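Shown next, in structure tokens, is the structure this report addresses.
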Amino acid sequence: MAKAKAKQEPQQQRQTLQATYRFVLFFIAGSLAAFAFHALTSSTGSLMGWRLRLHHLPTAHYLQTRDEFAVYSVDELNAFKEFYDKSISDSVGASFTEAEQTNIKEAMGALRLAQEMYMAGKDDKAARLFEHALALAPKHPEVLLRYGEFLEHNQRNIVLADQYYFQALCISPSNSEALANRQRTADVVQTLDERRLISLDEKRDALSAIHEANSALRRAKKEAYFQHIYHSVGIEGNTMTLAQTRSVLETRMAVDGKSIDEHNEILGMDLAMKYINASLVQKLEITLKDILELHRRVLGHVDPIEGGEFRRNQVYVGGHVPPGPGDLAILMQRFEHWLNSEHSSSLHPVNYAALAHYKLVHIHPFVDGNGRTSRLLMNTLLMRAGYPPVIIPKQQRSKYYHFLKLANEGDIRPFVRFIADCTEKTLDLYLWATSDLPQQIPMLIQTENEGHVLAQLQPHIAQSIPELHESGSGSGSGADPIRVP
């Protein structure tokens, strides 16, 4: 009996030891599984969180950027995801064509040489090399980052530098250097933008103080009316000169050598602008019906069947693919809600008008006339806030479309600043036209004798308007400048 009990004790000890081993192994396995699960489900992403902690970067602006996505719909978020996925796939060398890979290699070489020139103090050569690298690889994060740093520290162009940092982050969200640079520039750029808007308000108030009966103001408004129509249809490819545009509007007579459609585009804009002046400017809210009525007048002479109607087919605008026709009704309802929301009305009028322009042209609800209708809506909102209708010069067509493209890629700010530029130039022209200056004041377009007109201005005036005109060829329209008595 004692022997049997002695044999059982070692056996029980072995069983107890085995049970202990199994418990320890189970505990270790469970701990590893829990750690792995926690790492995979961390809220900010393990890689990005690790990099942020490693470099001790502040995350306030990054989190603020993420919070802004809460206002977007599911469709808009999906569009952002598609753009991000495409950007990620584009960053993989295997996805590039042979020609694109060659361009990237050349861009990297130009980038290295640009940095060498910069370190050697040869800033002009460095600037040209940076621009060359950007032209070869406009979506390469390293090119965007290094060129932005050059602009920030050497050229003192912090606004453009911030724009390139933002683009680099859109393409490579975990780029720690781009994050750090953006943290440094974001507040400064926001302050500059706010100061610009305050300056616009001051000029608007100065213009509003001029009595409506002022003869110079009345002449300026009449000239600006012709200019607005001329430039808006010109952006869309209309070849009428300013003098011909004025003739069509004043005489309703045909111009030899010009198509019927070009005449009708001008007449349609005239109808739409008269509708704005007579009705929309006084309305408290802009409805979907108002937008359709505006578009119906834009196409009233060109295509009366499609005027005021949503498109029924898919369209393609360069690299942008607008929503399908089945989504237009709900998207336009959302746009109408945004247009009249309390949040939108709290925005600065220039920001509000520029955003409305972009949102409508991004949806692209019509077969034709989307750009003209969007610009008319923008000016309606500006006029309700006391601003004059803003003229976007046809000579800046490429800039206009470039900034719209940047907005499609995720950064609306360059487009808003472009609209602010056009707003300020329009305000300046009104103020100069109603001032006591005895000289001729040119309008926004370029003419063959533009250089002579500017040379006739007093030196201190000429110095105050260095960016009145875009460089490039003139329109040859022979437009009359405003003459101030």
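Just so you know, glycine gets a Cβ as well, placed from its N, Cα and C.
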Worksheet item: What range among 82-87, 232-237, 346-351 does Swiss-Prot describe as motif 'Inhibitory (S/T)XXXE(G/N) motif'?
Response: 232-237
Worksheet item: Mean pLDDT, the repeat 'TPR 1' (107-140)?
Response: 93
Response to the item:
Candidates GLY318, HIS320, GLY369, ARG375 (binding-site residues); nearest Cα to GLU236 (site 'Important for autoinhibition of adenylyltransferase activity') turns out to be GLY369
Worksheet item: How many Å lie between the Cα of HIS364 (active site) and the Cα of GLY371 (ATP binding site)?
Response: 8
Practice prompt. According to DSSP, folded down to helix, strand and coil, what is TYR401 (ATP binding site)?
Written response: helix
Worksheet, complete the sentence: Sequence-ordered list of residues in the chain of TYR401 (ATP binding site) that lie 6 or more positions away and have a Cβ within less than 8 Å of its Cβ, or none, is GLY318
Worksheet item: Could you give the number of helix, strand and coil residues in the motif 'Inhibitory (S/T)XXXE(G/N) motif' (232-237) as assigned by DSSP?
Response: 4 helix, 0 strand, 2 coil
Fill in: Helix, strand and coil totals (DSSP H, G, I; E, B; other) for the domain 'Fido' (286-421)
84 helix, 2 strand, 50 coil
